[in-house]
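Q: Pasting a structure here, questions to come.
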Amino acid sequence: MAHQERPRAPFKDWPNDAGFETTAETRTPIELQVVGSLPNQLAGTLYRIGPGTYKVKGSHFQLSHWFDGFSFVHRFELVPQSTTGTCKVLYNSRGQVDALVEEARKSGTLKGMTFGQKRDPCESIFRKVKSIFHPPFSSKDPGLVNAGVTLHANAPGVPEILRARPDGARFRSLTSLTDANVLKHIDPETLEPIGVTRQSDLHSDLKGPLSCAHAEFDTATGDAYNYNLDIGRYATYRIFRTSAQTGQTEIIATITGPDVKAAYLHSFFLSTNYVILCIWPALYGAGGLKLLWERNIADALHFDHNVQARWYVVDRLHGKGVVATYVSPAFFCFHTVNAWQETSHDGSTDVICDIIQYPTDEMIQRAYYDTMVSTGPNVKRYYGSELSRPSLVRYRLPSVSHRATEESTSGSTCHPEAEAILRIDDDFVGDLPTINPRFKTRKTRYVYNLVNQGKVSYPAHGN
């Protein structure tokens, strides 16, 4: 009789497997049961995007890394009711990468660039070299593009043909982003993927393959800010703004030179007058060329404790480019929190930046499914490690110069220090931070985050 492996018991009595296996779609909106009441003041639409499942039905193929999870969108519409003064809730959902799932089912692999998919170690050198010349993220089929990190309604720069709803609709477009130069467009009501564009469609110079999933938006104007990272002899970061009024895109700074490193930067800062790009030393090997060989971000990265983080302050209002550069000891980050400006005692402007940081990039390794899923074979590997404990840190960038400097950073290597003026190391510090959006670019007192230490229970209501 064939031996059957016994199922593993959930580690630390925390059965989380089901949370990584979202597959059931609700394409036709249904009304949800509400426990309690939601006042009419909350009326609106809430969208959520993220990884659904990592398994392919009818195949042994599985995704390796959580950040590659097949993306899934949820929509909650809170509809006000005049008779009760409370909202009813309509819900629909849809998977975003049906074609990609089918490709994985048929081929048993993923052909394009991924975040951390493990490859066959026996793959021929010829096939690897061939893949180098296959442009990453090149598909025009939205069902093949797994851009599932952030979601933005009515983002500027969306072509008219991809605006799914007519003028006057509250949401004319819905755009999802990842850490690449792709913009995936989704119908705001049906959640059907309808198109893909590239940052090069916004501006011809935005030709690099990498970017930031967490674009920033000016709350007053609606303008969008992001960076595009090109790899080559020198890394080149092009910071750009897309106007909400005109849809036009302008490059407001170019950061390049022998001392500029190609790094994995998942977020950056926006203050009233500035874009602040901090390049922490989660570096792509061989100046980024290792990406083409490994075909995934995680295996192409290395964290270098000996390389300082560099903070570039870019004027975003007056076309002055990079106006100041600072350095700080090495750290790793996924998510920034907020930034604002203060007047210093000498009348100059300081920029204050709040950030969630880690001592290393171990969190990337912890996000493989075999260590995250509670019945995974390597779930104990990082248990208790202090290398992935987050800290909430506040930095001051003192006396930001109002004098524009050259865009190239190949000049002086002597830069003032970004001063850590507050640091919180506590079990209540987590990641995925959020603030009251009314305090964006203003001094922040409260930040809300999710922790991954300790045991959390969620009360369930049943009949």
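Cβ coordinates come from backbone N, Cα and C, glycine included.
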Q: Given the ranges 1-20, 41-60, 81-100, 381-400, which one is assigned the annotation region 'Disordered' in TrEMBL?
A: 1-20
Q: If TrEMBL gives His214, His335 as binding Fe cation, which of His152, His266, His302 does it give for that site as well?
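A: Answer, per TrEMBL (Fe cation site with His214, His335), from His152, His266, His302: His266.
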Q: Please work out the number of neighbouring Cβ atoms within 10 Å of the Cβ of His335 (Fe cation binding site), leaving out its own Cβ.
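A: 16, counting other Cβ atoms within 10 Å of His335 (Fe cation binding site).
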Q: Over all shown protein chains, what is the count of other CB atoms within 10 A of the CB belonging to His214 (Fe cation binding site)?
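A: Looking across every protein chain shown, the total is 16.
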Q: Using the Cβ centroid of His214, His266, His335 as the reference point for the Fe cation site, which residues of the same chain not in that list have Cβ within 8 Å?
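A: After dropping the recorded site residues, what remains is Cys212, Ala213, Ser267, Cys333, Phe334, Thr336.
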Q: Count the Cβ atoms, other than its own, that fall within 10 Å of the Cβ of His266 (Fe cation binding site), considering every protein chain shown.
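A: For His266 (Fe cation binding site), the 10 Å Cβ neighbour count is 17.
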